[in-house]
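What Swiss-Prot says about this one:
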- S97, G98, W99, G207, H208, R243, N423, L424, S425, P426, S427, T457: substrate binding site (BINDING)
- D168: Mg(2+) binding site (BINDING)
- C206: active site, proton acceptor (ACT_SITE)
Amino acid sequence: MSYIEEEDQRYWDEVAAVKNWWKDSRWRYTKRPFTAEQIVAKRGNLKIEYPSNVQAKKLWGILERNFKNKEASFTYGCLDPTMVTQMAKYLDTVYVSGWQSSSTASSTDEPSPDLADYPMNTVPNKVNHLWMAQLFHDRKQREERMTTPKDQRHKVANVDYLRPIIADADTGHGGLTAVMKLTKLFVERGAAGIHIEDQAPGTKKCGHMAGKVLVPISEHINRLVAIRAQADIMGTDLLAIARTDSEAATLITSTIDHRDHPFIIGSTNPDIQPLNDLMVMAEQAGKNGAELQAIEDEWLAKAGLKLFNDAVVDAINNSPLPNKKAAIEKYLTQSKGKSNLEARAIAKEIAGTDIYFDWEAPRTREGYYRYQGGTQCAINRAVAYAPFADLIWMESKLPDYKQAKEFADGVHAVWPEQKLAYNLSPSFNWKKAMPRDEQETYIKRLGALGYAWQFITLAGLHTTALISDTFAKAYAKQGMRAYGELVQEPEMANGVDVVTHQKWSGANYVDNMLKMITGGVSSTAAMGKGVTEDQFKS
């Protein structure tokens, strides 16, 4: 057999293996607009097995079980190795937040609010930071257990440190090739899953900030496809989570996708000029600041801004048509899912006249179209994303169970097996949102709706801030009494393993490696005679 024949044989064998992989139940709801042949052709000759694939499979198993049982895994944003080891005792997943990374871990060390303006390796670096810690503490624990006699081993901790990590990919940090490169970084650095949102990259905001600009549905689907394609090239089961910010978005970059048309706002006043033309003329006339704002406010008040469907309903209600209710119902039924061009034709046929509606006139000075989000808008997007996403998350303004149920019901009416995610955000005022008994059951109630994975994005940040403020304040007044009462004694009382921080850091493990190398004796063992940690032995 010639080299070319052997090369072809290897290629077709690999294509067959990929096709067989895609037949697994893991992919029963996944749509791929590309072929196994295309994926394999983009792989190198050296097959690399990524440890994060083990974690991705583990995460999928957790979520499959949760969704089937109407339960939820819940976690929070982790800051560092100390936190990840403590979380592992009680929680089955770990979250890495872009917000937290932006403020505390940018790869340039320059802190920032959550605008995703940090280098694209920032969050993958934090994932790797935690992943390496997970691997180390897993090795350390295994060594301790395997060197402990069987009859005594039950006394040794047996924590699953290898909790799957889900990380924030923001908007992908650029175009589709940037999304693919970012995905590759996450896979290489230990992520089991990543989420990506449908905001525009240059104007990305925290989900609880104002001024969010969306990209068209089709553009975000391309991002999700890019993630899956890159993961397929690497041969991993990486989970892709689609986040939509459409519930509170007010702007969109383009009208290119007809699925967005029902939510784009236009002017219904034919007697005013486009807003941007008016603003340019005012600037050229020397107006600025408050004067420009007043001109814009006056224009907005006169423009009659509304959705096209609302414009049609108002036109029918103001028309001489005899059965207005029936006409409105007929229009809404026939125009559902149609483009604005098609909806205009339907409206003209029913109302008997053209409906004036101009979505170009109110465009912002940056060129964005005005947009009216909401829960139904988010459902519209989620339904479109579902075939390309393992989970879907709607960012929301409040922890509103009724809204969460409306969203879940809307998605599941089309895709009954779609797993959902929920942000239990610290941006919400939980005390105002609901009483404590409802707070206690909120995760469970959401789990019953299909929100199989839930997370507090910034709990790592807030808990660190709270203990730091509490301790620093007491330490300034009480000296070492504050450390004893607020830190060390509670650590000992609660069995927090970091109280013996030398052992926690792996000093025994490293000593034993040195002794293994030197034949069992080391005069420089870190945990030998004289180590102060002996004070903590009972």
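Glycine is treated like the rest: Cβ placed from N, Cα and C.
In sequence order, S97, W99 are the binding-site residues from S97, W99, N423, S425, S427 with a C-alpha within 10 Å of the C-alpha of D168 (Mg(2+) binding site). Shown are the binding-site residues N423, S427; of these, the residue with the fewest other Cβ atoms within 10 Å is S427.
Candidate binding-site residues: S97, S425. Fewest other C-beta atoms within 10 angstroms, S425.
By a simple count of nearby Cβ atoms, those within 10 Å, the most crowded of the binding-site residues W99, D168 is D168. Secondary structure at N423 (substrate binding site), as computed by DSSP, is strand.
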